[in-house]
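A.B. asks: Copying in the features that TrEMBL gives for the protein in this structure:
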REGION    1-25  region 'Disordered'
COMPBIAS  1-10  compositional bias 'Basic and acidic residues'
DOMAIN    26-86  domain 'HTH tetR-type'
DNA_BIND  49-68  DNA-binding region
């Protein structure tokens, strides 16, 4: 029996190859999204080619379509994933046991550190998505709403107390100003990479807290 098996192997000349292990869907999707973010950031949504995304990912186009859909669906998936990653990085950096100013500082610093380490992510999330219209701007609006609520919560805790809490809605305008300032500074930073994440996040913290620190505690400037 052993000789017969040996003879059949010699006759065929091609011993059976072991099957390659199939990667889990989650791993495949991550590979596709990583490649798509890189290509979209480099060329923009309209100029990015699915052929190149396929080549960078090492995954065939039919498989990309099967997993994440056509180009517009893939771009939406990229925006959604990058938004979740950014919000998660900020949330994880904020320790509820710290003073409110320290919480805000850690959140801002995490924001800048994330973009420093993931510039292609920010390019897709902010520069690309914001100019492409629907359905991409709807995804961007959802991310911004989550960011506003996160920052408004930090400011409300800074300005309130257990006896006299501040309502989240009262802090929404200030949160919008802070998020807008952060987005503008990050967008400027993409074109001025000589500055560090530490330096810029510290400048923004000083800019906002020196004013917000008084404002959220009830002190107001009024014209004479």
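Glycine is no exception: its Cβ is also placed from the backbone N, Cα and C atoms.
TrEMBL: automatically predicted annotations, no manual curation.
Fair warning: this is a prediction, and the values are worked out from it, not measured in the lab.
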A.B. asks: Suppose you look only at the domain 'HTH tetR-type' (26-86); what would the mean pLDDT be?
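C.D. replies: Averaged over the domain 'HTH tetR-type' (26-86), the predicted model reaches a pLDDT of 94.
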A.B. asks: DSSP-wise, what's the residue breakdown of the DNA-binding region (49-68) into helix, strand and coil?
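C.D. replies: Tallying H, G and I as helix, E and B as strand, the rest coil: 16 helix, 0 strand, 4 coil.
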